[in-house]
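All remarks here apply to the structure that follows.
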Amino acid sequence: EFTIFSLLFSLLLLNASAEQCGSQAGGALCAPGLCCSKFGWCGNTNDYCGPGNCQSQCPGGPGPSGDLGGVISNSMFDQMLNHRNDNACQGKNNFYSYNAFISAAGSFPGFGTTGDITARKREIAAFLAQTSHETTGGWPSAPDGPYAWGYCFLREQGSPGDYCTPSSQWPCAPGRKYFGRGPIQISHNYNYGPCGRAIGVDLLNNPDLVATDSVISFKSAIWFWMTPQSPKPSCHDVITGRWQPSGADQAANRVPGFGVITNIINGGLECGHGSDSRVQDRIGFYRRYCGILGVSPGDNLDCGNQRSFGNGLLVDTV
């Protein structure tokens, strides 16, 4: 009897401690100082944080090299997004501030701090490039060029619907709309729900916090960036070289590089049919930001010859 009781207790304890974070728990984060293992558990040993064992909140380099402020300075940030406070932009009055970006990034320890300095710079350039495309206010003949107008908009343009899909897990709140907001233009109740749970904010009842609270706005975008969505890897794992394409990925021409990140975000509409102006816009931002950070953009920037992963978080919004 004692043996059976002990076994049952151990199983209950195991179930209670499993699936605390990461893709197994809707992108939920561990407490500060803990890593999320590839199995979705939180801890701070090599089994959780070591190479090949960690899926998110992984340790960066030691000392100053692991500090995001050492990768991108305030002046670089302003140079990249130098028209975000233009009078024509919703983000004027410095909504998308450097301090808000750094503060939000602090909740995701691996973001911009994983790998060597080249990997860290490329991640910041890629993140700001993809989100700049989603929020751009630029046009071909815009002052300083079309790639100087990222982070202009806070909310989806036009007349968006409520983006409410019936769900018992992520029920829509009365009168709330879940259209695109923030740097990554997160949309749909089934994305606001898990994002809010991961960052500790009730976004189902308060979706507009993504467009009114600067730190929450950046957190929503970094959450998307860091969260794998099977069969897709996370954008973070791609740009830092942690993702290794499977046989199916290779057969679909999905190889490591900036192009796969575009495929993750909006491959269903933009990838697999040759040249696409939206893809080229993303690449244009990326090349400019890599130049400012003093790093090469790497290979495989396009996704024109890649088959898409299928629908993603943003496929219906862009």
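Think of each number as a place in line: the chain as shown, counted from 1.
Every residue, even glycine, has its Cβ placed from backbone N, Cα and C.
What Swiss-Prot lists as active site, proton donor is E134. Under DSSP, E134 (active site, proton donor) is assigned to a helix (H, G or I) in the three-state scheme.
DSSP classifies C21 (disulfide bond) as coil under the three-state reduction. Residues or ranges marked as disulfide bond by Swiss-Prot: C21-C36 (among others).
Classification of C30 (disulfide bond) by DSSP places it in coil, neither helical nor stranded. Within 10 Å of the C-beta of C30 (disulfide bond) there are 22 other C-beta atoms, taking all protein chains into account. Among the features that Swiss-Prot reports, disulfide bond is placed at C30-C42 (among others), with the record citing sequence analysis.
DSSP assigns C35 (disulfide bond) to a strand in the three-state reduction. As annotated by Swiss-Prot, disulfide bond applies to C35-C49 (among others).
Using a 10 Å radius centred on the Cβ of C54 (disulfide bond) and all shown protein chains, the other Cβ atoms total 22. Secondary structure at C54 (disulfide bond), as computed by DSSP, is strand. As annotated by Swiss-Prot, disulfide bond applies to C54-C58 (among others).
Among the features that Swiss-Prot reports, disulfide bond is placed at C89-C152 (among others). Counting only same-chain residues six or more apart in sequence, the Cβ atoms lying under 8 angstroms from the Cβ of C89 (disulfide bond) belong to H83, G137, W149, Y151, C152, F153.
Look at Swiss-Prot and you will find C164-C172 (among others) tagged as disulfide bond. Taken residue by residue with DSSP, C164 (disulfide bond) is part of neither helix nor strand, so it is coil. Over all protein chains present, the Cβ of C164 (disulfide bond) has 16 other Cβ atoms lying within 10 Å.
Sequence annotations record features per position, and here Swiss-Prot assigns disulfide bond to C271-C303 (among others) based on sequence analysis. Residue density at C303 (disulfide bond): 30 other Cβ atoms are found within 10 A of its Cβ, drawing on all protein chains shown. Reduced to three states, the DSSP call for C303 (disulfide bond) is coil.
Sequence-distant contacts of the domain 'Chitin-binding type-1' (19-60) (same chain, six or more residues past either end, CB-CB distance under 8 Å): 66, 107-110, 112-114, 120, 193-195, 197-199, 223, 226-230, 234, 236-237. The domain 'Chitin-binding type-1' annotation in Swiss-Prot covers 19-60 and is backed by sequence analysis.
What Swiss-Prot lists as signal peptide is 1-18.
Look at C49 (disulfide bond): DSSP puts it in a helix. Comparing the Cα of C164 (disulfide bond) with the Cα of every entry in C54, C58, C303, these being the disulfide-bonded residues, the smallest distance points to C303. In the three-state DSSP scheme, C42 (disulfide bond) is classed as strand. Nearest neighbour of C303 (disulfide bond) by Cα distance, taken over the disulfide-bonded residues C30, C35, C58, C172: C58. Looking only at the disulfide-bonded residues C36, C42, C49, C58, C172, the densest Cβ neighbourhood within 10 Å occurs at C36.
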